Amino acid sequence: MSERTLVLIKPDAVRRGLVGEIIGRLERKGLTIEAMTLRTMDVALADQHYAEHVERPYYPALRDFMTAGELVSLVVSGDEAIAVVRTLIGATDGRKAAPGSIRGDLSLSNRENLVHASDSPDSAKREIGLWFPELAL
Ligand code: CDP
Ligand code: MG
């Protein structure tokens, strides 16, 4: 069943010149880019996007990282896209993520881990509404 998911290519990936590498992996998998924007995340959007993390001890550092530079926001679609993209990006901690995944191949950090992707249908709906309100159902 075709699904849509929200993907962020985080500021560390933009800074490192990995946007093409990451989009290429999504495209080669067979996923479709429905929308794509280069923009920065302000603190208000960070607090909404990471609502379930704002009380965590790491949140101030995460917020500073995510708002410090440009990122690429995308809506990606395809068969079981939500789970497929989560598998492609790998575990949260780049030091532990499996080789072959984006984080496993390209990140050595638990914070600067290159990509965000929605983790469930409810998250995808909520996050697409935040980042691409014109696409929200
Ligand atoms: O992104 P993912 O869903 O894999 O991980 P999460 O547990 O939902 O955490 C969201 C983001 O917070 C991670 O992708 C990291 O960038 C960041 N994080 C952090 O800075 N420090 C931690 N100890 C855990 C997560
Ligand atoms: Mg998460």
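Cβ atoms are placed via backbone N, Cα and C, with glycine included.
According to TrEMBL, the protein has these features:
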ACT_SITE  His116  active site, pros-phosphohistidine intermediate
BINDING   Lys10, Tyr58, Arg86, Thr92, Arg103, Asn113  ATP binding site
DOMAIN    2-135  domain 'Nucleoside diphosphate kinase-like'
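Where TrEMBL records a feature, it is marked here on the structure.
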{"residue": "Lys10", "record": "ATP binding site", "Cβ neighbours (10 Å)": "23"}
{"residue": "Tyr58", "record": "ATP binding site", "Cβ neighbours (10 Å)": "11"}
{"residue": "Arg86", "record": "ATP binding site", "Cβ neighbours (10 Å)": "17"}
{"residue": "Thr92", "record": "ATP binding site", "Cβ neighbours (10 Å)": "13"}
{"residue": "Arg103", "record": "ATP binding site", "Cβ neighbours (10 Å)": "24"}
{"residue": "Asn113", "record": "ATP binding site", "Cβ neighbours (10 Å)": "23"}
{"residue": "His116", "record": "active site, pros-phosphohistidine intermediate", "Cβ neighbours (10 Å)": "19"}
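The binding-site residues near ligand 1, defined by a Cβ under 6 Å from one of its atoms, do not include any of Lys10, Arg86, Arg103.
Taking CA atoms as the reference points, Arg86 (ATP binding site) and the residue listed as 'active site, pros-phosphohistidine intermediate' are 9 Å apart. Look at the domain 'Nucleoside diphosphate kinase-like' (2-135): DSSP puts its residues at 63 helix, 30 strand, 41 coil.
Thr92 (ATP binding site) sits 9 Å from His116 (active site, pros-phosphohistidine intermediate), counting Cα to Cα.
In this structure, the C-alpha atom of Lys10 (ATP binding site) lies 7 angstrom from that of the residue listed as 'active site, pros-phosphohistidine intermediate'.
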